[in-house]
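Enquirer: My questions all concern the structure below.
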């Protein structure tokens, strides 16, 4: 139903409700304090107790049929089931930690029941980033490979980039020139041998040493110049094409990274950083190898084979050309078939490599959790299991490589022997000279080097295509949150926020909101409260367009947020999240991240308002102090103050505080909230507070109580207390715990939780 909200003056009706610290935090029950134990910790406790009953410690990490596939996925699933505001279940179905994953898992686009109506759910088992989710036929794989090459050609031969095209043409010209010079080398050998070997029938007087020196010396000089010229052309080609290759890699990597940043929050919550970054790294290296192999190996080798076959057919007869052609065909067939057989071993090795990478990164990022539960041996065992799989796959790769090399050598040696026999027979019959035999030998041996490289190149080319397929598939992941083309910017006049009949759920079978409607008045402080899992944090995620509702509309100052540009929408909204994201940089940079063009004076002003200057005074390096990976070198309260400073520096029109002071002591919290309120009063900004500790929001102009997918009640603190509804129950529970009524309060909280669970049960 629609909820009408009247405009309220910017003042509390009761001074006692404006006092921060009215109730001591140690008197609040743990169930009301959400940060007393995090969702991850609860999941870890459950997982820890379950895991102690298992006889196989690799059950979750290494069993393909495992329900969760990795401890991180288990934590995410448990957190989502408990809170209702985390990872969509349909997007957490496959992560690279499971044994069935080969590279990294993509988030399937959400189903209609849990995402935008425009989205379609990916069929199970057809994950675009899991290359082994369904075995492709040879024809399908060829189509995929050609599609990758065509896509790459767009970067090598870009429209409108005349300079890059010039470099490509010049590189090809140098390639042809180098091969023409390279083919001349055996002819100079033939000339040298024939002139020195046939003194009697030579057209010149070869009995004269000076003549011999001139003829032989000229041939040797030509031989040397041909080799030097071929090498010079090759190196020039490398230098010219290097710019093309590196620029293509840069463009592809930038395109993939841009697409990753455009993906929705749900997709990123189901990723494991180690596997994702490893896949991108291998993909960019694959581009480099593919370009160099095509330009420097495959095309040159094909050109050289064609020229050699033509020369042998013209100079020595069709039998030599036929042997050469048959050899090349047999060599290529054997290499391709064997390499295709070996590809699955490389995929298995890559999968194990990814599992090892994700396991190590996951363990190191969650170092404290590992220590808290004494699970070092468990993490080491998981890592060792992945390394053991990699070891087995690598052994298969090495042994199959030996078989491939042996077969290639047998084919080439047989061909060389046959051609030498034919040449020797020609010399005996007088149809060929000794120089012709040397020329044939040199021509065939000259093919041996590129052929040997061709085998290696094809093997690596196949692997590069696999890696590039993984990386390019990242770009094929659907962007769940899209903006209209030429969408106008959001124009904020006051900051009124209105939800109209919004329905949304992270899980298809568990909606968080059911046709919820409410209005947040412009320029006032509004608070959202309610039991855990009622969707308080979800309001911000929908407002920020991290997710799209299944139905309903959201407006800011009368403008549908789906019709305005994402950049302007997110520029006008600022948030202090529960878990503060910090970069591994100094304090100044982390504050300035709120507005990158801010001056040092602006940064320090925001720091003072957020009480960060109190931290800086005690640090030897001041604002240049590094905060460490994810800010782990500073306390939780200090991280929250940095987040508040960053928000104040951004100076958005709408401010969202999600348990923004839960890690602060009462004194610091009081001072910080006083500064925040002063800012809100001065600028008349719309502020939304989410809190479990009701004393921190009791002075709000308006309080909205959520339960069961909708608005349970709303009003000022006094109005809600007078009505003695859910808000009154929560307030009484927090006020009485620790003063002799703990048992009764706990029973009351259990009743509230039962009501919440029953109200969110799918209907």
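Just so it is clear, glycine is given a Cβ too, placed from its N, Cα and C backbone atoms.
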Enquirer: Tell me whether residue 255 and residue 473 fall on the same side of the membrane, as recorded in Swiss-Prot.
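Expert: Membrane side for residue 255 and residue 473, as annotated in Swiss-Prot: identical.
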Enquirer: For the ATP site that Swiss-Prot assigns to 530, 531, 532, 533, 534, 535, 536, 537, 538, 539, 540, 541, which of the candidates 458, 506, 593 is also assigned?
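Expert: According to Swiss-Prot, the candidate sharing the ATP site with 530, 531, 532, 533, 534, 535, 536, 537, 538, 539, 540, 541 is 506.
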Enquirer: Match it up for me: which of 80-106, 107-133, 134-160 does Swiss-Prot list as region 'Disordered'?
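Expert: Per Swiss-Prot, the stretch marked region 'Disordered' is 107-133.
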Enquirer: Looking at the binding-site residues 531, 535, 537, 541, which has the shortest Cα distance to residue 344 (glutathione binding site)?
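Expert: Sorting the binding-site residues by distance from residue 344 (glutathione binding site), the top entry is 541.
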Enquirer: For the transmembrane segment (316-336), which partner among 168-189, 218-241, 403-421, 437-458 gives the most CB pairs under 8 Å?
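Expert: Selected stretch: 403-421, with the most Cβ pairs under 8 Å.
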Enquirer: Just to confirm my parser: what is the rounded mean pLDDT across the domain 'ABC transporter' (497-733)?
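Expert: In the predicted model, the domain 'ABC transporter' (497-733) has a mean pLDDT of 87.
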Enquirer: Between the transmembrane segment (403-421) and the transmembrane segment (291-314), are there three or more C-beta pairs closer than 8 Å, counting only pairs 6 or more apart along the chain?
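Expert: These two segments do not touch.
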Enquirer: Let me know the largest Cα to Cα distance in Å among the ATP-binding residues 506, 530, 531, 532, 533, 534, 535, 536, 537, 538, 539, 540, 541, as an integer.
Expert: 18
Enquirer: Based on Cα distances to residue 537 (ATP binding site), point out the closest of the binding-site residues 342, 346, 406.
Expert: 346
Enquirer: Between 342, 344, 346, 541, which of the binding-site residues has its C-beta surrounded by the fewest other C-beta atoms within 10 Å?
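Expert: Each of the binding-site residues 342, 344, 346, 541 was scored; lowest Cβ tally within 10 Å is 344.
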Enquirer: Measure from the CA atom of residue 342 (glutathione binding site) to the CA atom of residue 539 (ATP binding site) and give the result in Å, rounded to a whole number.
Expert: 51
